[in-house]
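One structure is given below, encoded as structure tokens.
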Amino acid sequence: MKDYEDTIAFLGQWGRFQAIVFFLLCASIVPNGMMTFSSVFLADIPSHHCLIPDVNLTQDWLSVIIPKEVVNGHEELSRCSRYRLDVVRNLSDRGLVPGRDINVTELEQEECLDGWSYSKDIYQSTIVSKFDLVCSDQWKQPFTSTVFLLGVLFGSFVSGQIADRFGRKPVIFATMAFQAIATIVQMFSNSWTMFCILFFITGLGRVSSYVSAFVLGTEILTGKVRIMFSALGVCVSFAVGYMLLPLFAYFLRDWQSLLFGISLPCMAYLPLWWVIPESPRWLLSQGRVAEAEAVVKKAARINKINMPHVVFESYSHHVDEKKTDSTKRHNIIHLLKTSNIRNITLIVCLLWFTLRTGYYGLSLNTSQLHADPYISAFMSATIEIPAYICIWLALRYLKRQLTIIFFLFLGAMSLLLIQLVPESLSWMAVALEMVGKFAVTAGSNFMYVYVAELYPTVLRNTATGACSILSRAGSTTAPFLFQLSE
């Protein structure tokens, strides 16, 4: 059979059909950007302190029953303790005045036995206030994001095989529906455990739809359009979804409403089943030549192009299979066999692990910046677009080694300098963090191309997959990165 791209060259690289595929597949990536970082708002920690039940205390004692602590140079109410309620009630009943008759700081403290009171200045509710993920259970708050990323990691193992077995188009729409249903059911979670199980499922669906859409686009589009789709279209669409997240969160201030809002784009995408075609390449690989020809004929009709009566004159599927079987197979062990390949593998894995951990660590930390959480998240998302454009230009004009060194140095120095910024210049700390986010975003995405070029053809796919999965394993530790400060 003639080369596939030569066979369909009469369609051209860009026409109405290609434009439909390009923009609709990019649109399928947008919900991924929203879902990936939804925990920034769903699991943010509102200001809180121990709940004081309705007991007969004087106003003087109500105002001092929560101890004060100095945190980062600022005095604030204790989040996890109060003065013993029975002691305070007894002192109040005796008419004693705190500060005059009693030295309050000498009183015994206790845990928040009656729960917590949460501020509603920013959020009406989050899963933290719903399930009390504070104090002794505070580890559950970052672990919620880790569970989602573990779903993404597990999906990375199975998504490609599922798409190869059932086709790109069915997997995209099935996982879209999967995400929407899981997200809606999440709204009715009655425990943190139930929420996390559904969040894991959502992460699995997220990466499966992303990978399938990416592959479908690269198989249908050709030439420069395919490069534009894979290098810019997919990445920018992800960033657009990320940019929309703080907008949704700003208007939907409680976690259940936000989950419903995030599920809407997935549901709205489902009717496009009748518009987006299956990959002709995949159909040919399955021996479904007639269906592949039908897709190409439809494309020609949409582009208003005359086409030959028979597009795929012959199909040598079994011959290709035989050739593949006779080729020597390579596996992950070959990445460690020779000293040269082994050194490359270890360095690449360390680089990608570090960059991916930094990317998710900074992205998931946006609500903790010295600024409005909605504006901070929007800035963090917006900075990704120039990062992707810089990657595109660097790949065309700059040496690979110098490029990755520059991104690593820029990210390291900007994040290191934050430690030297005084609190009065919080805007400078935010600016340096955005520079760091720019660098790790560019570097982590640059690694896809760099890894593919470093390895020989027989190891390229294995190396890219293995290193990418290891880097995703690094991302699962990112939610705990900023817990080191505590």
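For all residues, glycine too, the Cβ spot is worked out from N, Cα and C.
Just so you know, TrEMBL annotations never went through curation; they're auto-generated.
For reference, TrEMBL has these:
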DOMAIN    87-486  domain 'Major facilitator superfamily (MFS) profile'
TRANSMEM  20-43  transmembrane segment
TRANSMEM  143-163  transmembrane segment
TRANSMEM  170-188  transmembrane segment
TRANSMEM  194-216  transmembrane segment
TRANSMEM  228-252  transmembrane segment
TRANSMEM  258-276  transmembrane segment
TRANSMEM  344-362  transmembrane segment
TRANSMEM  374-395  transmembrane segment
TRANSMEM  402-421  transmembrane segment
TRANSMEM  427-451  transmembrane segment
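When pLDDT is averaged over the domain 'Major facilitator superfamily (MFS) profile' (87-486), the result is 83. Among the stretches 143-163, 228-252, 258-276, 344-362, 427-451, the one making the largest number of Cβ pairs under 8 Å with the transmembrane segment (20-43) is 228-252.
Within its own chain, the transmembrane segment (228-252) has Cβ neighbours under 8 Å at 22, 25-27, 29-38, 40-41, 210, 213-214, 217-218, 221, 258, 260-262, 265, 363, 373-375, 377-378, 380-382, 384-385, 388-389, 391-392, 395, 445, counting only residues six or more beyond its boundaries.
Of the Cβ pairs linking the transmembrane segment (143-163) with the transmembrane segment (258-276) and spaced 6 or more residues apart, fewer than 3 are under 8 Å, so the two regions do not touch. Beyond the transmembrane segment (374-395), the same-chain residues lying 6 or more positions past its ends with a Cβ under 8 Å from any Cβ of the stretch are 33, 37, 40-41, 231-232, 235-236, 238-239, 242-243, 245-247, 249-250, 362-363, 366-367, 403, 430, 434, 437-439, 441-442, 445-446, 449.
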